């Protein structure tokens with residue numbers, strides 16, 4: 001294998017690393033740190049740079065080492081070399097603290113791919129600022145209103161090498177789309193409704209606070225089940241055009257710190273028993289979608305999926321069918337680790353697409 005993929009991360013926390021098939025820079029927020037962990041455990045990817053203008057390198061080190069959900073970092077030692085450099089083992093990672101993305105010198109750090117994980121620069125024009133600093137491609141770790149969205153296992157093969165800015169969609173779309181694809185390919189989806197029961201995220205409030213655009217969203221996350229909107233189901237229509245206009249959905253934010261679950265209720269074109277639906281999903285989970293779509297028959301609960309790298313894990317025991325054309329399907333996902341793994345997978349795919 002030629003050199004490693006070199007990445008940089010832009011967001012809450014900056015990191016740089018050299019020596020892989022591709023280089024990626026990352027920001028050190030929740031997703032940025034986990035994308036960094038995935039990259040650092042990959043043989044073909046090298047973290048070369050991180051940009052975060054709001055924290056120091058010693059605090060970056062602390063935030064990376066210790067994680068309430070995913071545990072302490074147990075691989076090579078991480079320490080501060082100086083105010084602009086972290087050491088992962090003997091590997092140097094460049095740290096930037098620059099607010100304007102146009103001014104981040106990704107190229108000097110060797111970063112070919114930038115993971116834009118701030119949640120701020122999610123449209124093409126804003127994300128394109130990273131290209132001015134020398135990055136070759138930008139992957140937005142959020143839905144985008146105008147950048148093409150790709151879900152690994154569903155439509156990544158539609159990517160062409162001339163596209164410089166892409167979106168990895170949302171964690172919920174990454175869970176829903178593979179499941180919806182299997183059902184639609186095998187049985188046809190006439191229409192469907194999705195509900196995601198979603199763990200707390202950083203945008204929520206620890207105690208009741210002002211939230212003028214979403215009053216319920218301003219209520220204390222740890223004490224409430226909070227109905228919310230989500231564009232995840234409609235976004236499936238962007239990655240699977242044959243389902244455009246056929247799906248919509250909502251979210252319930254619940255007081256758990258990680259792992260979420262999708263409830264997809266669909267009306268089918270082709271009649272099928274629930275056992276036939278299960279068999280189709282199981283077959284795909286062991287075939288083309290292995291590693292993306294999972295299948296379980298055990299009596300599992302949310303914490304059993306912490307650290308699961310798959311996008312969507314179908315729970316065969318949790319679903320039900322009312323009749324041969326109407327069924328409820330349930331699929332789990334680690335909305336942090338599974339999604340972060342897909343970010344790196346998408347970069348791998350982009351890198352090999354010439």
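Quick reminder: no glycine exception, Cβ is built from N, Cα and C everywhere.
Annotations in TrEMBL come from automatic prediction, not curation.
Taken from TrEMBL, the feature domain 'Glyceraldehyde 3-phosphate dehydrogenase NAD(P) binding' applies to 24-171. Look at TrEMBL and you will find 30, 31, 52, 99, 141, 335 tagged as NAD(+) binding site. The D-glyceraldehyde 3-phosphate binding site annotation in TrEMBL covers 170, 171, 172, 201, 230, 231, 253. Residues or ranges marked as active site, nucleophile in TrEMBL: 171. Annotation comment: TrEMBL describes 198 as site 'Activates thiol group during catalysis'.
Shown here: features listed in TrEMBL, placed on the structure.
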residue : record                                        : DSSP class
30      : NAD(+) binding site                           : helix
52      : NAD(+) binding site                           : coil
141     : NAD(+) binding site                           : coil
170     : D-glyceraldehyde 3-phosphate binding site     : coil
198     : site 'Activates thiol group during catalysis' : strand
230     : D-glyceraldehyde 3-phosphate binding site     : coil
253     : D-glyceraldehyde 3-phosphate binding site     : strand
Greatest C-beta neighbour count within 10 angstroms, which of the binding-site residues 141, 170, 172, 201, 230
141
Per-residue pLDDT averaged over the domain 'Glyceraldehyde 3-phosphate dehydrogenase NAD(P) binding' (24-171), given as an integer:
94
Could you find out if DSSP has residue 335 (NAD(+) binding site) as helix, strand or coil?
coil
Row residue 31 (NAD(+) binding site), column other C-beta within 10 angstroms, all chains, value 28
Among the binding-site residues 30, 99, 253, which residue has its Cβ surrounded by the fewest other Cβ atoms within 10 Å?
99
Nearest to residue 141 (NAD(+) binding site) by Cα, among 171, 198, 201, 253 (recorded positions)?
171
Between residue 170 (D-glyceraldehyde 3-phosphate binding site) and residue 99 (NAD(+) binding site): CA-CA distance (Å)
24
Just how spread out is the NAD(+) site if you go by the largest Cα to Cα distance in Å among 30, 31, 52, 99, 141, 335?
27
How far is it from residue 198 (site 'Activates thiol group during catalysis') to residue 253 (D-glyceraldehyde 3-phosphate binding site), counting Cα to Cα, in Å?
5
